[in-house]
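Below is one structure, written out as structure tokens, with a few remarks after it.
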Amino acid sequence: MDTLTALTTRVSVPRLTDPGPSDEQIDLLLRAAIRAPDHGMLRPWRFIVLRGDQRERLADIMEQHAAESFAEADSCTLSNARNKALRAPAVIVVAAEVSEGHKVPVWEQVLAAGAAAQNIMLAAHALGIGAMWRTGAIAEDAAVKRRLGFADKDQVVAFIYLGTPAGTLKTLPDETPDRYVRELPDD
């Protein structure tokens, strides 16, 4: 798939099944990720690749987060939280390991990690791998960050779920950028 086709046809794939990406495909996804724009060459992106039984550790973290976040979390709530980590054959956690006080502001470092996540999404699409980018409150939770091995100052920017699309990919309506573009206002 050529680059422009990948850019203009990528869609999120919420339902994923086996097989997951191969070792070689994971390597390509991460190679694409680390080519993201990065002001100051800080390379703030960090990745945790979880496949097979490794996803159980993420499931434990997600279940523990639900138990700590919801005072009345019943077994169904905990099971749902746990199963989020298991809904795809592979998960890549993307985070920004930020350098505070650097000339490159933290927000730019986080954007660089976000660009790395987007490169994973685009590379996955180009390789025919289904991908879904998710976050939510769990991405901002300090205890979750520590359990993932990150510092409180770091920011989790994506849980990217990867696998074979289960079913037909959705198609988005063709849209022009006109409604999102404006001219610089006169003084």
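Quick reminder: no glycine exception, Cβ is built from N, Cα and C everywhere.
No curator has checked TrEMBL annotations; they are predicted automatically.
Straight from TrEMBL, the features:
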BINDING   Arg10, Val11, Ser12, Arg35, His39, Trp133, Arg134, Thr135  FMN binding site
DOMAIN    9-163  domain 'Nitroreductase'
- [ ] Starting from the Cβ of Val11 (FMN binding site), draw a 10 Å sphere and report how many other Cβ atoms land inside it.
- [x] 15
Open item on the list: Can you work out the mean pLDDT of the predicted model over the domain 'Nitroreductase' (9-163)?
Closed with: 96
Task: Taking residues Arg10, Val11, Ser12, Arg35, His39, Trp133, Arg134, Thr135, which bind FMN in the record, the widest Cα spacing (Å, whole number) - done: 28
TODO: Please work out the number of neighbouring Cβ atoms within 10 Å of the Cβ of Thr135 (FMN binding site), leaving out its own Cβ.
DONE: 14
TODO: Could you check what DSSP calls Thr135 (FMN binding site) once collapsed to helix, strand or coil?
DONE: coil
